[in-house]
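**Q** Pulled these features from TrEMBL for this protein:
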| type | residues | note |
| --- | --- | --- |
| ACT_SITE | D183 | active site |
| ACT_SITE | H231 | active site |
| ACT_SITE | C336 | active site, amidino-cysteine intermediate |
Amino acid sequence: MLTNRKISVEVYNEWDPLEEVIVGSAKHAQLPYFDHGMNAIEPNTRHIIESTDDRRYPAKVIEETEEDLARFIEILDRLGITVRRPKSIDFPGLVRTPFWESEYYFQYCPRDVLLAIGDTVIESPNPFRSRYFESMAYRDIIVGYLKHGSRWLSAPKPSLRDELYETSNPEQPTLREIEPAFDAANVLRLGRDILYLVSSTGNELGAQWLQSTLGPEYRVHPCRDLYCGSHIDTTLAPIRPGLVLINPERVNKDNLPAPLRGWEVIVAPEMEVVHYSNLAPSASIWLGINLLMLSPNLAVVDADQARLIRLLERHRVEVIPLRLRHGRTLGGGFHCVTLDVRRRGKLESYCD
């Protein structure tokens, strides 16, 4: 039960002092079968799916990940940050709609399915069929937020028919403009300015829906020609007002999003190739920049990324080094496996 006197959800950016966060779970982790949408969005996952027995992740991967998450939560608790966890659901059978069927995913990355902006939690219109009902694992938490004064919106459920997915050009985003579809992890919050990655997990109609929903207080900036893969948080990492970490393989002076062009840019160093089991990794090496800011000068960073840690420290960012031993296997770092729902701050403009 939620007992905080404050509004449960109030967050405007990626760096204000963190007060409350949802942390995902690796329990019951499995891969769905390789359906039409998966083939369009993440075609490289075929070999990962085919390398597992009955598509369940090995018990060791799940157990060690839960140990790592427990250590992470212990640190957050010690800092006085409220932590919520999803209900551990082992979904039986298949997920079905009138148009298709798929298998369920798991509740490791709340960042992918829920978006918190201002006093509102938004269930995003995810383009993966396997994640159609994933937000149900967080339903009790969201209901609690609603009862304590927060707003709760659900984007229109996309039909996710075969015609949504474009597979002819792997170098271009794969979602056609048939209906709004996007993962919440395509979004970064910079106060009044919202970055929205147009990619294989977010189409233009998704950005249009988000702008119409948030209204004139916010400016949604579609980021095109940046990265056609999946999410934005292995490409850009806002550190604090005026300072952003970039992935040099994807971002340059020509495609840096316009709201960031007055900011100081830190170029991420080469990443250490770590954090996957004997299974092929589902996330790129750039998961190393998937850090979580606890305040403008304090970050949780992958402990194995020594070069990145030294770089951040040179920019007066204190680092808490922690590990997610199977982050690349399961597809999520410290930003992915969390949803920050309350930070101590107010709505401001940082990009004018």
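These residue numbers are counts, starting from 1, taken along the chain as shown.
Glycine is no exception: its Cβ is also placed from the backbone N, Cα and C atoms.
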**Q** So how many other Cβ atoms are close to H231 (active site), meaning within 10 Å of its Cβ?
**A** 28
**Q** Can you grab the distance from the residue listed as 'active site, amidino-cysteine intermediate' over to D183 (active site)? Cα atoms, rounded to a whole Å.
**A** 11
**Q** Measuring Cα to Cα, how far is H231 (active site) from D183 (active site) in Å?
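**A** If we compare the Cα positions of H231 (active site) and D183 (active site), the gap is 8 Å.
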**Q** If you skip the near sequence neighbours and keep only those at least six away, which residues in the chain come within under 8 angstroms of D183 (active site), Cβ to Cβ?
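**A** D112, V113, S124, N126, P127, F128, T201, G202, S230, H231 - these are the non-local Cβ neighbours of D183 (active site), listed in sequence order.
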